[in-house]
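Colleague: Please read through the structure below; I'll follow up with questions.
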Amino acid sequence: MSDNKREQRKNEHVEIAMAQGDATISDFDEIRFVHHSIPSVDVDDIDLTSQLKDFTLDQPLYINAMTGGSEWTKQINEKLAVIARETGIAMAVGSTHAALRNSKMASSFSIVRDTNPNGIIFSNVGADVPVDKAVESVKLLDAQALQVHVNAPQELVMPEGNRTFSTWMENLAQIVSRVDVPVIVKEVGFGMSKETIKSLNEIGVRYVDVSGRGGTNFVDIENERRTYKDMDYLGLWGQTTVESLLESASYQQDMDILASGGVRTPLDAVKCLALGASAVGMSRPFLNQVENYGITETLNYTEQFTDHMKKIMTMLDVKTIKDLKQTQMVFSPKLQSWIEQRGLDIR
């Protein structure tokens, strides 16, 4: 594929993603917290710090992998980097493959580090990238961690996508052993099963982003790019973020589980943390905010989001993310059925 074609595809992804709406029905609504009437904590007591295995996040929120690889997406990445810098949240870039193939595209990613020299930044490659290119991707951004995205459904619906996946697990193992920063294996909106998480744990992966169904839908995005748009029936493929977090329960002591996919509100984010996530990522909400309303309004949105998380934690009478993981929740019959049929040990 030519560089112009790749740049066009990057722009198409952003345009279609921005046009997608939030899910009207979400598994986050299948969870209820138990309200206790008299909190013993004040809002100012709430500590949103999240301690991961290799670094500390001042806020349990991050701008998740989105874009890069074109002039337009360079501008988007620069604006998002300002948001990350000013609010102190972490940020991931989209797949750096374009920059690894063509050095002219490198600035569309490195602009993030240039804009936010002291922030926590995740670089991003695919599961099929050669190990030396994974190392190069980390250097490109002086990244604190490397996301490796696994996106088989997207590739299979993408007209020009990959059709070979049997080497992915072995390649992931090699990347983990060679890269000198933490490796985050990240889904792209299809969720993860306990079997996948177990396999990743066995090859030394200590971070996964379960990235469940409910947010940006890459089956729908790639189907829009197909001549006959003939694979729309796969639009609900995969596990939701809630189902994926439940699937991860047995591995939350050994691994840091990150949650993303369809997080709409601060309440959704708090539910992710209560289900065992160490941090919560969002992509499209930040993209839509910064492109439609600008940097100042996006800063206000981000600060309001974390402030509301503190208020919810106050109502739950918990001071820390660690305390939140012990809070009481009630699951709907739908989620309880998933837990029972999948044989999940969630407490």
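For all residues, glycine too, the Cβ spot is worked out from N, Cα and C.
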Colleague: Out of Lys186, Lys310, Lys311, which one does Swiss-Prot list together with Ala65, Met66, Thr67, Ser95, Asn124, Ser211, Thr216, Gly262, Val263, Arg264, Ser283, Arg284 for FMN?
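Modeller: Between Lys186, Lys310, Lys311, Swiss-Prot records just one in the FMN site with Ala65, Met66, Thr67, Ser95, Asn124, Ser211, Thr216, Gly262, Val263, Arg264, Ser283, Arg284, namely Lys186.
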Colleague: Taking DSSP as the reference, which of helix, strand or coil describes Ser211 (FMN binding site)?
Modeller: coil
Colleague: Given His97 (substrate binding site) and Asn124 (FMN binding site), what distance in Å do their CA atoms have, once rounded to a whole number?
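Modeller: The separation of the Cα atoms works out to 8 Å.
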Colleague: Counting across all protein chains shown, how many other Cβ atoms sit within 10 Å of the Cβ of Thr67 (FMN binding site)?
Modeller: 23
Colleague: Based on DSSP, name the secondary structure state of Asn124 (FMN binding site): helix, strand or coil.
Modeller: strand
